[in-house]
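What follows is one structure encoded as structure tokens, with my remarks underneath.
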């Protein structure tokens with residue numbers, strides 16, 4: 001018995017407060033006490049109560065709360081509740097960070113992370129089971145398109161659980177920026193509707209100056225071979241390039257190309273030959289836009305790494321050879337300038353298609369969605385891995401539903417301007433699923449497989465490895481607090497169910513691609529959880545943040561190509577202009593690139609979340625060390641970038657978002 005001091009924290013978003021009454025109960029190991037005091041939670045405020053409890057409750061296990069309403073259910077966003085018992089006892093935190101709706105009773109467990117094995121008396125077992133049962137009703141698996149990895153069920157935003165929706169500041173920013181982009185598009189369309197574009201400089205009419213210094217650099221230098229090669233190392237899509245171990249079988253040399261073959265073999269022997277192969281686009285159905293057939297290629301680019309770190313193209317093949325036909329032409333830097341430029345435009349357009357669909361949408365957004373749904377279905381809020389990973393899952397479901405209803409939907413942006421639209425994008429996503437290997441989501445393995453370890457001019461590779469290592473140590477710190485032995489890992493049924501749900505259900509049998517169906521050791525847990533967090537943070541940032549820089553100048557990343565790939569080398573400026581997107585397609589590409597690629601004013605940098613899901617000093621110390629290491633990496637990148645002609649920013653912790661939220 002004695003006096004209890006209770007603090008209740010309400011979120012700061014616009015509608016977080018409530019005019020409904022909230023009643024509280026304290027649940028301890030030896031009893032339960034209803035608190036007669038009721039409160040009206042105010043937005044952004046902490047409310048403090050002092051309540052005399054007549055009986056001894058023992059160690060506190062839960063705070064229960066119920067919001068009552070007579071006429072209107074006014075939802076309340078509760079951050080947390082803390083309780084300090086009689087005397088000078090420690091303050092006990094009960095994290096919530098969710099909306100409280102309706103009249104039901106919500107139980108919040110004390111914030112210490114606990115596995116099933118950490119609860120031998122079963123004090124939390126009923127709560128775990130009931131919470132997961134309710135979550136499995138809210139978070140159901142859906143299948144947007146047959147043959148793809150699974151997604152959350154629900155075709156519209158209103159189908160999502162309320163806790164997955166944008167808070168007001170995020171929603172307003174997203175919708176206002178979209179309206180601004182579309183309004184600008186309408187203005188540019190009206191100004192250019194009767195204009196015939198004849199020169200590459202005409203793309204300046206839809207280029208947004210002042211948005212990105214690097215974008216302006218791309219506009220001025222996009223024709224240069226050095227910038228073309230640089231993008232494979234450090235551009236918007238740095239995950240295609242690999243070091244050659246042999247000359248690709250598809251690279252058929254027509255008569256008279258013996259010198260080229262010898263040059264390639266020399267670079268191969270020296271370990272300086274690299275390739276970017278877009279064979280995945282072969283056979284993909286090209287879009288038809290307003291009755292006009294669009295076109296796709298499946299290029300191969302062979303590049304050489306020079307001693308100064310520059311990556312320069314040696315040859316471009318735009319199509320795969322076909323039986324019974326002459327070998328496709330090989331385009332060279334020594335070809336007529338327009339022929340070589342057009343070949344590079346085809347490569348850039350192909351890279352754009354694969355980047356947005358495979359690297360960004362599939363491997364970033366949709367993979368993160370699998371992690372979100374599996375986590376919500378399999379890990380209760382008291383589980384330490386849930387507490388560790390939940391900050392990195394914020395807003396992912398809403399941004400993905402918006403993508404499925406606006407970008408890749410029927411008559412969406414892809415259908416309007418992308419050469420892979422009109423069904424080709426779905427076909428490509430299905431085929432790309434075969435390349436979702438476990439190792440490809442883990443930079444130490446992926447970079448080794450692609451031969452990029454030790455390439456000094458690959459800043460993506462260097463920064464990805466450093467960020468992965470920092471996240472791994474963070475995960476390792478939390479895992480070591482809760483799993484003292486490998487047996488504890490094997491004996492955690494919730495952890496094993498979560499792993500299996502991701503691999504077998506969400507990823508549709510990905511054990512054939514190296515994903516685990518069970519976790520047998522602490523090292524395996526650390527590796528798997530690090531993969532999840534890195535996918536939702538660093539890897540998504542590396543393929544998202546470069547869009548405004550590299551795609552604003554449309555000729556550097558054409559969303560579609562209006563003429564077939566060339567089979568001769570007699571291209572003219574007229575050929576190039578007739579092939580590149582028209583003004584409406586280019587304007588819409590610019591508008592969407594700005595909206596999605598701009599630096600987000602409402603964002604949380606990796607590791608900087610305000611939510612505190614763990615109680616106790618040990619997890620807080622692990623998080624503090626994580627933040628210190630992130631700050632040190634950020635400073636190192638800043639110092640390095642100051643010496644570079646083109647700074648590489650996309651994996652700076654201060655601009656890497658904490659989740660897939662845009």
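Cβ atoms are placed via backbone N, Cα and C, with glycine included.
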Query raised in the report: Which of these, 187, 206, 662, does Swiss-Prot list as part of the Fe cation site with 360, 365, 540, 544?
Result: 662
Query raised in the report: Quick one: DSSP breakdown of the domain 'PLAT' (2-114) into helix, strand and coil?
Result: 0 helix, 67 strand, 46 coil
Report task. Could you name the residues, excluding 360, 365, 540, 544, 662, of the same chain that surround the Fe cation site, i.e. Cβ within 8 Å of the Cβ centre of those residues, in sequence order? Result -> 361, 364, 399, 541, 543, 660
Query raised in the report: Under 8 Å Cβ-Cβ from residue 365 (Fe cation binding site), six or more apart in the same chain: what's there?
Result: 396, 399, 400, 403, 540, 660
Report task. Under 8 Å Cβ to Cβ from residue 544 (Fe cation binding site), same chain, six or more residues apart: give me those in sequence order, or none if nothing qualifies. Result -> 360, 364, 596, 597, 662
